[in-house]
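Okay, structure first, notes after.
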Amino acid sequence: METEKKTHTAAEQMTDRDLSEQIKKVTKESHVRAENTELMLSFQRGKVTLPQYKLLLCSLYEIYQALEEELKSIEKDLEYFYGQDWREKIVIPAATKRYSHRLRQIGKENPEFLLAHAYTRYLGDLSGGQVLGRIAQKSMDLKNGDGLSFFAFPGVSSPNLFKQLYRSRMNSVELTEEERNGVLEEAVRAFEFNIQVFEDLQKMLTVSDNNLQSSMTQSKPVKASTLHMSENIYTSSLLRMVLGLFVALATVSVGMYAL
């Protein structure tokens, strides 16, 4: 109780000079754009599909692989959907590769810039993940938390308290004016990367759907049993590709929507 009071006081004392508040301010427009991408709107409407979810997971895996060394929760989800050989099957879109390349680049050249990505990813995935996890579970009828490890935070008893402490510690990091401006610019860039990832994932899903419809329209009449078998084979192939595009982020991710 005492800790919560201290954290609440700290939150009230945050000013416009606090790094977390500045990041929130400069990314406001990008935040809205990210929320309104077709992929995220599907989540918000509670209409997320299995292909969408798998693709998102794969992108999140690629992104967090650049941020961390251990990715047990995402790996567990990928294995659930894809099987033990999921590493050989996942496909990562170009936008996700650009995002992870940027993370590795600044990790070597401007490590302070990672503060921006830590803010958008960790706080975003914690905030939005609570909602997106429930939507994914309901939409795909997932049982016993299977396939939802990424959205589970067993070590965080109070998300709001955790976010307040996280922001407080972020604000205590000493930065020069030049470094601070660099972090703010990188925060905007982080949102742009996420928007590009969402758009790439949706394009891949759209192309796959169009190819399926085209192949069914142009094919000669076949027996119902044969058609059903063909659809199963195509769907299996599509899901493998989709899974490769999906984690994460991812971010994310998915996850940047209640920062």
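Backbone N, Cα and C define each Cβ position, glycine as well.
Any TrEMBL annotation is an automated prediction that lacks curation.
Listed in TrEMBL:
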- K24, H31, Y119, R167: heme b binding site (BINDING)
- 238-258: transmembrane segment (TRANSMEM)
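The Cβ of K24 (heme b binding site) has 16 neighbouring Cβ atoms from other residues within 10 Å, across all protein chains displayed. Within 10 Å of the Cβ of Y119 (heme b binding site) there are 24 other Cβ atoms, across all protein chains. Taking all protein chains in view, 23 other C-beta atoms sit within 10 angstroms of the C-beta of R167 (heme b binding site).
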